[in-house]
């Protein structure tokens, strides 16, 4: 259809009224799995979510939140908050980060793009630096993509390459870092055999070095900057394998929190600081934990920490991490073009919207929900509230996080009568689940359940509707499992804790006094996923969804 014919106007739903206040609650990292001692959601007291489950199959069901249902390449790809909120907000399935990069590398298109040609101008005389998470976790990055980019860059004239690694232990097992570093060292040795000066220059654990997000703790980025750009770190080693093995021997060491190190030559000099004229690529395809480093690498005006030096480099991201900020300005692979999101449609149809979370997930209910777009669609129709997250501690120390404060903001917004949709993300089960602390995660799940109750109580008072769902699994299975599904043990006979997301489906529940009698979940979409939620919510606001949206999960039957 030509652009002249396009209209934001949504058709009225034939059976569902407008004007009901709707609460949209996303429980982060809350999947559905069998009941056992490692299912923190099962172990926790969660009376509200338990009572919603009694509404199955008409008012409660499971939906898919991983793999192809959210645009990821395979059914073995765990969902994550970014792609989950994209799907929830967009109402359609878009090829996502990892998939886009795979396609660009497979076809070789990545090497023809503006981004690669821009960094290539440094190859002849300077160094190519690659910075990113080293694992095959597939949430932020993947080792095989780094391997292909190394090979492709060397074939296209890169003579000197330095890799700045960040160890994982969050999306993959703790302790797996050594194997990944050994694999990479082997690849770099093969490049050296072909005359390319290629080596690892620095490293550190992802949660302590570089990969902070939402400006929670700039010291994390500074530690990375000092090692990567300045070539300075508290630990110096002759090679990265020795570095990771040695640093892991500290009593409480783990891959996520390894301290920063630099690799030095025989004379003790760092082998790969970033200097004027060099090219830099940040390898991660997921945006949230690269944005802060991207700002430090790109912004002339920068006051978050003392950079000491601000080298004149050619910098490109694997993808553009923030479309609104145009950050970074250059990138190797174009992001998914997400347009006509449900949020934009709804404000154009008079739905006044309130969105709230705490810092660690605020971007998810706003930026990612709105198709990777910062800011408001219509400022007079929308209000976004960010509650500052605790900083300087790991989330298992305060597992209740800001669930109560988020619920209070949502309650006040619902009772104010100023909003038609009140949307929140409750981060507890995900953020605390990532710490691997089972007891704390149980506390986190209970806190999230209490927050849901407060929001539902407010909806009851105003005669509204609630939709409760999640973006992916995490807290429902905290143990690594063998092929038979039994808890896996390490060599000392201890249970191997799982800190990552899962492949489990997530619940969705609907209800509230404003729900029209006869509304129930359809039984003809058994493989429904997160992308089906947008049309469902549009229906509950009294509108038909656009024809190209994934179909609604609900129907209205006459009693």
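Glycine too: its Cβ is placed from the backbone N, Cα and C atoms.
Annotation source Swiss-Prot lists Mn(2+) 2 binding site at 28, 81, 471, 472, citing similarity to another entry. Sequence annotations record features per position, and here Swiss-Prot assigns active site, phosphoserine intermediate to 81 based on similarity to another entry. What Swiss-Prot records for 140, 170, 171, 206, 213, 286, 287, 288, 289, 361 is substrate binding site. What Swiss-Prot lists as Mn(2+) 1 binding site is 430, 434, 501.
Features recorded in Swiss-Prot, as mapped to the structure shown.
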| residue | record | CB count, 10 Å |
| --- | --- | --- |
| 28 | Mn(2+) 2 binding site | 26 |
| 81 | Mn(2+) 2 binding site | 28 |
| 140 | substrate binding site | 26 |
| 171 | substrate binding site | 23 |
| 287 | substrate binding site | 25 |
| 289 | substrate binding site | 25 |
| 434 | Mn(2+) 1 binding site | 22 |
| 471 | Mn(2+) 2 binding site | 32 |
| 472 | Mn(2+) 2 binding site | 29 |
| 501 | Mn(2+) 1 binding site | 28 |
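Other residues of the chain with a Cβ within 8 Å of the Cβ centroid of 28, 81, 471, 472, the Mn(2+) 2 site, are 26, 29, 65, 79, 80, 84, 85, 361, 364, 425, 430, 470, 474, 501. When the binding-site residues 213, 430 are scored by other C-beta atoms within 10 Å, 430 scores highest. Under the three-state DSSP scheme, residue 28 (Mn(2+) 2 binding site) falls in the coil class.
Same-chain neighbours of the Mn(2+) 1 site beyond 430, 434, 501, judged by a C-beta within 8 angstroms of the site's C-beta center, are, in sequence order, 28, 29, 81, 429, 431, 433, 472, 474, 475, 499, 500. Rounded to a whole value, the Cα-Cα separation of residue 213 (substrate binding site) and residue 28 (Mn(2+) 2 binding site) is 16 Å. Residue 434 (Mn(2+) 1 binding site) and residue 171 (substrate binding site) are 9 Å apart (CA-CA, integer value).
Across the structure, residue 81 (Mn(2+) 2 binding site) and residue 430 (Mn(2+) 1 binding site) are spaced 9 Å apart at their Cα atoms. It is 5 Å from the Cα atom of residue 28 (Mn(2+) 2 binding site) to that of residue 430 (Mn(2+) 1 binding site).
Across the structure, residue 501 (Mn(2+) 1 binding site) and residue 471 (Mn(2+) 2 binding site) place their CA atoms 10 angstrom apart.
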